[in-house]
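Swiss-Prot lists Glu60 with the feature thiamine diphosphate binding site. The K(+) binding site annotation in Swiss-Prot covers Leu113, Ala161, Ile162, Asp164, Asn166, and the record cites similarity to another entry as its basis.
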Amino acid sequence: MSKIFMFDALRAATDEEMAKDPTVCVIGEDVGHYGGSYKVTKDLHSKYGDLRVLDTPIAENSFTGMAIGAAITGLRPIVEGMNMSFLLLAFNQISNNAGMLRYTSGGNFTLPLVIRGPGGVGRQLGAEHSQRLEAYFQAIPGLKIVACSTPYNAKGLLKSAIRDNNPVVFFEHVLLYNLQEEIPQEEYFLPLNKVEFVRKGKDITILTYSRMRHHVIQALPALLKEGYDPEVIDLISLKPLDIDSISISVKKTHKVLIVEECMKTAGIGAELIAQINEYLFDELDAPVVRLSSQDIPTPYNGSLEQATVIQPSQIVDSVKSIITSVKAIIT
């Protein structure tokens, strides 16, 4: 076991796959000589050369389209968005090409493409660089969507994403790159379509992902001190949602709290609520509750930025409120 930062875990995953497979390449702004905006591709340029770690102009639509073409002609490109918000400029390529080509070609084309990079709220990057685009991409047919949350799952998930023959959008939170964790030195892979049970419990199911996983963990001491026993699930796969694993938990706890950084309107939580109500309505003792970011552009001011995101104290209050309301009905 070795303790490494999350950005190093992502770099190690990329390095290992590039060493094993000469078709794996990295494309994006400053991924080469500079080593990536958060150093995920540091030193890969000197090891693999200009053609496999390709610096591009500031033209997301162009290099994303180039990567899609490379994927259908035999390469396994990894596109790094310097900030995931920039990929709005490549939305046409991602939606009309990456998401659809395997279907519209009748299966004649595979599209082994990873689109990854930093996103989420933090570091006072302002409204345009702090968007939560998970739900935007969730609506595109043909994409798989993953959100890593620890060095361990970041490495295992990225290696699996690189080897997948379908396009994978891989979200990394800007505030988690310096998170440290011990990970195995031997090679490992993690499934792209499964949740992670962070904590087993019996009172309530808390569904979360990315940075909010850590806010939920921060809320646990206060909840445990007062005798609450929550089950915590990191979704990891945002598309497809692992409704089978979620069902196991809901059938045990009968109560659900969703904690997300995505905005409330048409967010990941909204789709979760729809599927839980569709498949598990009879298992619920109370309506599903979601804690989401406010439906406003992210402020630049640090205090205001923080106020738009769900905090551990809000999670504690919501868990207590849900469980208390159910007990009141029962008694």
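Backbone N, Cα and C atoms are what each Cβ position is placed from, and that goes for glycine too.
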Could you tell me which of these binding-site residues, Ala161, Asp164, has the fewest other Cβ atoms within 10 Å of its Cβ?
Asp164
Same-chain, non-site residues whose Cβ lies within 8 A of the Leu113, Ala161, Ile162, Asp164, Asn166 Cβ center for K(+) are Arg76, Pro112, Val114, Lys144, Ser160, Arg163, Asn165, Pro167, Val168
The most crowded of the binding-site residues Glu60, Leu113, Ile162, Asn166, judged by neighbouring Cβ atoms within 10 Å of its own Cβ, is Leu113
Provide, as an integer number of angstrom, the distance between the C-alpha atoms of Leu113 (K(+) binding site) and Glu60 (thiamine diphosphate binding site).
15
Where does Glu60 (thiamine diphosphate binding site) sit in the DSSP three-state scheme?
helix
If H, G and I count as helix, E and B as strand, and all else as coil, what does DSSP give for Leu113 (K(+) binding site)?
coil
Per DSSP, Ala161 (K(+) binding site) is which: helix, strand or coil?
helix
